[in-house]
Amino acid sequence: MKIAILSRNAKLYSTRRLIEAAEERGHEVRVIDALRCYMNISSNHPQVHYKGEVLDGFDAIIPRIGASITFYGTAVLRQFEMMGVYPLNESVAISRSRDKLRSLQLLSRRGVGLPVTGFAHSPDDVNDLLETVGGAPVVIKLLEGTQGVGVVLADTHSAAESVIQAFNGLKANILVQEFIKEARGADLRCFVIGGKVVASMKRQAKDGEFRSNLHQGGSASLVRITPEERATAVRAAKIMGLNVCGVDLLRSNHGPVVMEVNSSPGIEGIETATQKDIASQIIAFIEKNAKPHNTKTRGKG
């Protein structure tokens, strides 16, 4: 097969591993920077151009789209879908998962365990907002944050008020969530491929930190998850419509709660912690499922 990888950096671990795995299995691979693509929006012959040439003949495309380029990256991916190229994850599913509020609303509607969450822009009554999530301590997040950036733990009511007021000055949308103290600064990353959890790891925040993201200095280790945690991760992936994703869970006193569903999960941490060949499993999934126009939305977005 001829496989495209939408990635801005061919040297990143995840991109390199996907290239290696695909080539080892006899496929032709090309890395494409989504921001350098330009498109011909045509009803009878949609095209993607790149560095002066028309990109065609691809059987599948693997989107590795960073959060900062979600809008343009998904537009490029959607164009490939319209051309009949099989996407590992569909553009509409990526857009859905990148919208933190929409994700939480969809998951809550289907009864998936979540932390108690408030959503606000410029709340008139901060006290009432804090009371709706059970009061301090709370975690306050910028809606557009990623990799633990724009996430603050407010231990007291006054600290929470100060953080919310500061975020108000940014004219930003915020999420205010209950702090799951019993998680002790750890979360679970469940790596889902094709409706199955193929690997899982525990991420532990460094001392004095509550964010367990590896980008924030957290450490990763192998973990055995419970059947309930496994089922929760699979359901979350299905609700988001993602074939491949990382589902982040916290162990709370009332069962597993979903913190995030990541449509472009890093491979390095999970492969290192579990010693599993995740990249090859992703390529194997593509081999099994890649057919022209094989998307739920039929490339309609």
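Placed from the backbone N, Cα and C atoms, the Cβ positions cover glycine too.
Residues annotated as ATP binding site in Swiss-Prot: K141, E178, F179, D187, R211, S212, N213.
In the three-state DSSP reading, E260 (Mn(2+) 1 binding site) counts as strand. The Cβ of E260 (Mn(2+) 1 binding site) lies under 8 Å from the Cβ of K100, S103, V247, D248, each of which sits 6+ residues away along the same chain. The annotation Mn(2+) 1 binding site is assigned in Swiss-Prot to D248, E260.
The Mg(2+) 1 binding site annotation in Swiss-Prot covers D248, E260 and is backed by sequence analysis.
Annotated Mn(2+) 2 binding site per Swiss-Prot: E260, N262, in sequence order, evidence recorded as sequence analysis.
Annotation comment: Swiss-Prot describes E260, N262 as Mg(2+) 2 binding site, evidence class sequence analysis.
The domain 'ATP-grasp' feature in Swiss-Prot is assigned to 104-287.
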Residues that sit under 8 angstroms from E178 (ATP binding site) by C-beta distance, when 6+ apart in the chain: P115, V116, T117, V133, G134, V138, V139
Residue among binding-site residues K141, F179, D187 with Cα closest to the Cα of N262 (Mn(2+) 2 binding site): D187
Binding-site residues: F179, N262 - member with fewest neighbouring CB atoms within 10 Å: F179
